[in-house]
Amino acid sequence: MVKSITENPYGAFSTEDYSVFVVMLSISAGIGIYFGFFQGKKNQTTEDYLLGGRKMKIFPIAVSLIASQLSGVSIMSVPAEMYSYGAQYWIIAPTMFAIVLIINYIFVPVFYNNQITNCYQYLEDRFSPAVKKFVTFTYVLNIYLILPIFIFIPSLAFAQVTGTNVHVINGIVCCVCVFYTMLGGIKAVVWTDVVQGLIMFASCFLVVAVGVYKIGGFAEVFARAATGNRLEIFDMTFDASTRQTFWTASIGNVFLWTGYLGLNQSCVQRMVAVPSVRHARSALWIFCVGFIVITSLNCFTGIVIYAKYFDCDPIKVGLVGKADKLLPFFVQDVVGNLKGMPGVFISCVFSAGLSTMSANLNSLAGIIYEDYIRPFNLFKHSDATANNTMKGLILVSGMYCIVMGLVVEQFGHILQMVVTIASVTQGAVMGIFCLGMLWPWANKHGALWGSAVSVIGMSWIIAGAQFAIKSGQLSYPPKPTSVEGCSEYGFNVTQPQHSSFFTPEEESDGFSIYNISFVWYSTVGTFLVFLVGIPVSYLTGSQDLNKVQAKLFSPVVHWLLPETVRGGELSVKPEEDKPDQIKEWIYTPVEDYKLQDLHTVNEHTL
């Protein structure tokens, strides 16, 4: 560690760094002002505000998906995961090929064939309004639990390198995010994501490049990481209680990320903002490549951090409170002497957090307005009132995130916490959509009971696991670190003879459901939906396949449907005499030319 850090841990953030950070926030706010005021006439309808008029381009949508999926939690916690537990997490990168393949050919065609823009509307069409309301409620609850984390973690990084009060900076940045999301709608969200995505890639690359150079090259980095057992990727252990293995990182993440990317309203909203299925698939494949590159770079950052401190762990020395703060410490140490570089890094982390937060705020406002405000007819509904109401919802949600920062500050390992919270409902959402699209005989009773049992069951498992962690009965021990070289930096630290952590296997002779790795939660939740939903559907009278619409099912299972049903819906264009069946974010009468344009797009592309 450089001497300046130990003497003045908050002295490395210079005027140039603050300038870089302010410029990044100013660009984001400027984009919101541009689309809110100078492009205001093009944002007057609710369809424009939430979907960009369905005319968004492929590349910005793809970059927006990359930026919003790689949140500040990922930028900060993935390197910490690699430092503490090794390279096993990297398996998620190549697994993304399978995830995008599943989304492109199972989910995307169904959303486009049914003109769905609110993905939960599909559940009402396929099952019943009750099923839609239940799953929508779980989505809103899930987002409100996770959303404060996305923007608080970058604030934590800022506080680590500047000494600024974490809640002050959290409030300032939340206000900027709310400002441009309110003003510009989906267009501002997407184009700020593009700028922020480029900042993320450039800063991560520069930090890693400088770190590798100072360590002595790639060969030295990998040699140190191998010595510390940080390069094990193919751990083929068949043990569900092991934190990360090849099976958890691949199979477990397929269920987790397929649901998070393909069945999350904030993502679906951008997928259907492009003109056709072909455009949506192209955007997702571009996203796949970008995700693999950024994730691999992010994982390698953790390996470089370990190589830098392989003989003197900053956590044991007391320079860093926990692993999630290692990355800003590393940046301050490695590039802190380069004016502006710490500012670039902090801009990277905040860019990731802002992109995720803005995307979720935009989609959350649309969902709450459509499902929880509009049905009560409290006022006359029009595009203007809808847009203003959603802007108010975004403002309230932003204020909530600021207040909840006080709670997030108490969390332990952030990546584990985020996955755990998401998994309470993620498995149920994944299961119910798959049940609807892939099992034609499922009915509304099976769907409702299956999803309810999944949420209740996962809540019980996760609550039990958290209690076991709090009571010390369950722990995920990190790989060992060394302090043998700390004396060189003036620290007198003794290497402990025994780890203070223990594994579930050491404390229990039998298997406990509470001990399963948190990565398996979404997988278990998905299977619970099928285990309950299929039998209940049969017991309550299976869906009559002669009375279904083929477009409600994924094309991969159309062969299971009767010939009369398949033959009657070879074309997925909307019926001419039933324009009201088109699901779109418009609350005032639609002009004829817009309806004709929708028909033309469907006939040409679907």
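For all residues, glycine too, the Cβ spot is worked out from N, Cα and C.
All annotation found in TrEMBL is predicted automatically rather than curated by experts.
The transmembrane segment feature in TrEMBL is assigned to 18-37 (among others). With a cut-off of 8 Å between Cβ atoms, the residues of this chain six or more beyond the transmembrane segment (18-37) that come close are 43, 158, 173, 176-177, 179-185, 187-188, 191-192, 195-196, 199, 340, 343-344, 346-347, 350-351, 354.
Residues annotated as transmembrane segment in TrEMBL: 58-77 (among others).
Per TrEMBL, transmembrane segment is recorded for 89-113 (among others). Counting residues 6+ beyond its ends, the transmembrane segment (89-113) has Cβ neighbours under 8 Å at 78, 81-82, 119, 122, 233, 244, 246, 249-250, 253-254, 257-258, 261-263, 268, 271-272, 276-277, 280-281, 284-285, 287-288, 291-292, 295-296, 299, 433-434, 437-438, 551-556, 572, 606 in the same chain.
As annotated by TrEMBL, transmembrane segment applies to 134-156 (among others). Using a Cβ-Cβ cut-off under 8 Å and counting only residues 6 or more beyond its ends in the same chain, the transmembrane segment (134-156) has close neighbours at 71-73, 75-77, 120, 123, 166-167, 169-170, 173-174, 177, 264-265, 324-325, 346, 349-350, 352-354, 356-357, 360-361, 364, 367-368, 371, 397, 400-401, 404-405, 407-409, 411, 414, 417-418, 421-422, 424-426, 428-429, 432, 448, 451-452, 455.
TrEMBL lists 198-216 (among others) with the feature transmembrane segment.
The transmembrane segment annotation in TrEMBL covers 245-263 (among others).
Taken from TrEMBL, the feature transmembrane segment covers 284-307 (among others).
Among the features that TrEMBL reports, transmembrane segment is placed at 344-369 (among others). Long-range contacts of the transmembrane segment (344-369) within the same chain, counting only residues at least 6 positions beyond its ends with a Cβ under 8 Å from a Cβ of the stretch, are 13, 17, 20-21, 24-25, 28, 50, 64, 67-76, 118, 120, 136, 139-140, 143-144, 147, 150-151, 153-154, 157-158, 161, 173-174, 176-178, 180-181, 185-186, 188-189, 192-193, 195-197, 199-200, 202-204, 206-207, 264-267, 269-270, 327-328, 331, 335, 386, 389-391, 393-394, 397-398, 401, 585.
Annotated transmembrane segment per TrEMBL: 390-408 (among others), in sequence order.
Summarising the annotation, TrEMBL assigns transmembrane segment to 414-439 (among others).
The transmembrane segment feature in TrEMBL is assigned to 446-469 (among others). For the transmembrane segment (446-469), the list of distant contacts is 123, 126-128, 130-131, 134-135, 138, 420, 423-425, 427-429, 431-432, 435-436, 475, 513-516, 518, 521, 524-526, 528-538, 540: same-chain residues at least six beyond its ends, Cβ to Cβ under 8 Å.
Within the chain carrying the transmembrane segment (518-539), a Cβ under 8 angstroms from the stretch's Cβ atoms is held by residues 240, 243-244, 248-249, 251-253, 255-256, 259, 416, 419-420, 422-428, 430-432, 434-435, 439, 441-443, 445-447, 449-451, 453-455, 457-458, 461-462, 465, all 6 or more beyond its ends. Residues or ranges marked as transmembrane segment by TrEMBL: 518-539 (among others).
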When counting Cβ pairs under 8 Å to the transmembrane segment (284-307), the leader among 198-216, 245-263, 390-408: 198-216
